[in-house]
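Since the structure comes first, as structure tokens, the remarks are kept for the end.
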Amino acid sequence: MENSEGVKIESTVVTEEPLISALDIALFVVIITVAYFWYFKRDKQSSSSEKKPYTIQPSSLSSIEQTSNSSFIKKLKSTGRSLVVFYGSQTGTAEEFAGRIAKEGARYKMKGMVADPEECDMADLVEMKEIQKSLAIFCIATYGEGDPTDNAMDFYEWLQNGDADLEGLNYAVFGLGNKTYEHYNEIAIYIDQRLEELGATRVHEIGLGDDDANIEDDFVSWKEKLWESVCSHYGIEETGEESNIRQYKLVDCSEVLPERIFSGEISRLKSYENQRFPFDVKNPYLSKIAVNRELHKSGDRSCMHIEFDIDGSKMRYDTGDHVAVYPKNSSELVDKIGELLNADLDAVFSLLNTDEESSKKHPFPCPCTYRTALTYYLDITSNPRTHIMKELIEYASDPKDQEKLKLMASSTPEGKKEFHEWILRDNRNIVHILEDLPSVKPDLDHLCELLPRLQCRYYSISSSPKVYPKSIHITAVLVNYTTSTNRVNKGVATNLLAQLIPTNDELPQPTIPIYIRRSQFRLPPKSQTPIIMIGPGTGLAPFRGFIQERDYARKEGREIGEMVLYFGCRKKDEDFIYENELQEYVANGTLTKLHLAFSRDQPEKKYVTHLLEQNADESWNIIGEKSGHLYVCGDARSMAKDVHSIIVKVVMEKGQMTNSQALNYVKKMEQQKRYSADVWS
């Protein structure tokens with residue numbers, strides 16, 4: 001036999017065995033020693049915790065806390081609230097809208113709270129009727145191919161699969177979508193209808209916000225009518241009280257130890273120093289930039305081919321997936337805000353939620369410096385919404401500046417026009433506003449509360465894991481443009497990436513946080529299935545991965561189907577990206593057909609859609625006669641819509657169908673994942 005340390009103990013027979021052996025004594029001593037140290041260590045920890053002064057601890061996502069806070073009904077009842085606003089948000093806009101509604105509830109004697117459905121037991125909706133004059137509002141975004149946001153997925157599935165009796169639940173829904181996409185506001189529309197089917201009462205008609213136009217205007221208009229319906233439904237009146245109440249309070253954290261201060265991490269403190277798998281939206285991987293090279297041959301525009309090193313990360317991706325890149329704002333803009341507000345950007349602070357029941361204790365990781373918040377956590381380059389204009393009014397010392405802000409914050413036709421022209425058309429961000437309205441000097445902590453969170457940027461992966469298992473490639477156009485006020489606005493992510501050039505020496509290589517987002521943009525399961533790919537400009541990105549994967553299969557000796565690619569750019573000698581690669585794939589037979597459209601190499605502009613119309617027989621042969629797949633990647637506003645119209649026309653003419661039959665045929669292709677789009681507006 002062996003003891004706990006693996007030392008062999010031989011058994012022998014003895015005639016007289018003592019009552020207490022040496023082994024018993026040794027074990028007894030060990031037990032007493034362990035008990036002694038455990039007791040005094042615990043006592044020491046208890047004493048030290050009692051003496052510990054109050055500090056703001058870094059925010060973290062505690063699963064224990066989330067579980068205990070899952071009953072929003074208990075929170076409503078214990079705090080005397082009757083309004084709960086749920087949000088399904090992918091970029092933060094829906095969450096922002098939810099906060100504004102909950103805040104305004106006070107004007108109608110409805111104390112409100114914001115709730116993340118992912119952190120709530122949504123089955124508790126059946127108990128809302130127990131709260132007098134209660135109301136549940138849903139601000140729900142639709143993204144992707146008509147998908148719910150990540151945090152609303154469980155709620156969406158609960159509605160689909162459940163049959164809860166929601167009689168007595170009063171509700172309203174506002175959807176956030178984009179009309180350039182086929183599945184416009186599909187999730188919000190479904191939730192609105194499904195709640196009614198389950199017996200709930202719709203207090204106000206659904207609002208549909210269009211991000212391709214002016215979603216702020218859509219929201220404000222809907223919100224005003226919402227409160228009219230609420231007053232009518234509950235027999236209440238507006239109190240007239242202003243709702244400019246701070247949601248967070250400032251806490252001085254100058255005494256917090258440096259190792260407890262966030263420096264740009266998304267969620268977990270020191271997560272970039274101590275990387276832990278798995279990597280996701282709240283725990284990105286700090287990837288080295290392995291390659292960063294220019295793809296354009298000439299001209300004043302830039303397109304970058306960038307390779308992220310994921311060797312050793314355990315990260316896996318599939319062809320067609322997206323990679324999320326976490327950017328940071330330029331130091332020039334951050335310093336400008338500090339200069340305009342005469343603020344110490346290196347002061348350490350925290351913003352603590354004034355609502356103790358809220359699961360969201362801070363608007364972003366705290367404590368941190370103002371410089372860190374403005375660099376990593378806050379969006380300082382987008383157009384501010386009208387509620388920010390409203391909150392800035394009190395900080396304007398010049399009556400003219402005050403009146404301008406009041407006008408833009410109003411919902412009058414004149415106010416909407418002014419906001420559209422001065423903010424949206426002229427593309428002003430918060431820095432420009434502070435420059436052009438010099439008397440506006442908001443407290444920096446309040447400004448940090450008001451500004452939305454800086455979001456990660458998604459790029460189609462332009463490589464195949466079969467060929468590049470240890471790296472992720474992207475194809476990105478550098479975004480720089482001059483506004484009507486003669487300012488140069490720069491894309492946050494692409495301008496950062498342009499600066500991250502790897503070196504050949506032993507210096508540390510540039511890094512950037514990333515994670516992989518799964519996509520439904522997939523090659524057919526069978527390599528023999530023929531496909532058509534339509535991707536002008538950087539729309540070529542995922543198809544580069546598709547072609548690599550099929551080429552890999554061909555080299556393995558497997559049969560591959562026809563691959564037809566439509567690619568377009570301005571000029572062949574200027575921005576024909578990956579030209580040599582594509583020509584090589586044509587030469588070796590992987591790429592069956594390469595249809596090229598150079599829009600500015602001839603007097604009349606020629607686009608990929610023109611070529612698609614000319615090749616109707618080829619298209620029908622693949623998608624009709626051979627049941628192949630069709631893929632579109634790129635601009636959703638015009639190109640993708642034109643492609644859809646052309647394909648419907650091809651099906652009508654070559655398939656000898658009516659318009660209705662052709663539309664149904666294409667719809668069926670989409671349902672079967674034979675017609676897939678990865679587009680943006």
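Each Cβ is built from the backbone N, Cα and C atoms, and glycine gets one as well.
Per TrEMBL, the features are as follows:
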BINDING   89-94, 141-144, 176-185, ASP211  FMN binding site
BINDING   ARG301, THR538, SER599, ARG600, LYS605, LYS606, TYR607, VAL608, THR609, ASP642  NADP(+) binding site
BINDING   ARG457, TYR458, TYR459, SER460, THR475, ALA476, VAL477, TYR481, GLY491, VAL492, ALA493, THR494, TRP680  FAD binding site
DOMAIN    83-227  domain 'Flavodoxin-like'
DOMAIN    282-524  domain 'FAD-binding FR-type'
TRANSMEM  20-39  transmembrane segment
Mean of pLDDT values spanning the domain 'Flavodoxin-like' (83-227): 94
Cβ neighbour count within 10 Å of TRP680 (FAD binding site): 16
Pairwise Cα distance for GLY92 (FMN binding site)/THR475 (FAD binding site) [Å, integer]: 26
Structural state census, the domain 'Flavodoxin-like' (83-227) (DSSP three-state): 65 helix, 35 strand, 45 coil
Cβ neighbours of TYR181 (FMN binding site) where a neighbour is any other Cβ within 10 Å: 23
For THR609 (NADP(+) binding site), the one of SER89, TYR181, ARG457, VAL477, GLY491 that lies nearest, given that the binding-site residues are compared by Cα: TYR181
Cα distance (Å, whole number) from ARG301 (NADP(+) binding site) to VAL477 (FAD binding site): 8
Binding-site residues compared (TYR184, TYR459, TYR607) - highest count of Cβ atoms within 10 Å: TYR459
Euclidean distance between Cα atoms of LYS605 (NADP(+) binding site) and TYR184 (FMN binding site), Å: 31
Nearest recorded site to GLY491 (FAD binding site) by CA-CA distance, among binding-site residues GLY144, LYS605, TYR607: GLY144
From binding-site residues GLY144, ARG457, TYR459, ALA493, the one whose Cα lies nearest LYS605 (NADP(+) binding site): TYR459
Site extent for NADP(+) (largest Cα pair distance over ARG301, THR538, SER599, ARG600, LYS605, LYS606, TYR607, VAL608, THR609, ASP642, Å): 26
Fewest-neighbour residue among binding-site residues, criterion Cβ within 10 Å, set ASN178, THR475, SER599, THR609: SER599
Candidate nearest TYR459 (FAD binding site) in space, where candidates are the binding-site residues ALA141, GLY144, ASN178, ARG301, SER599 and distance is Cα-Cα: GLY144
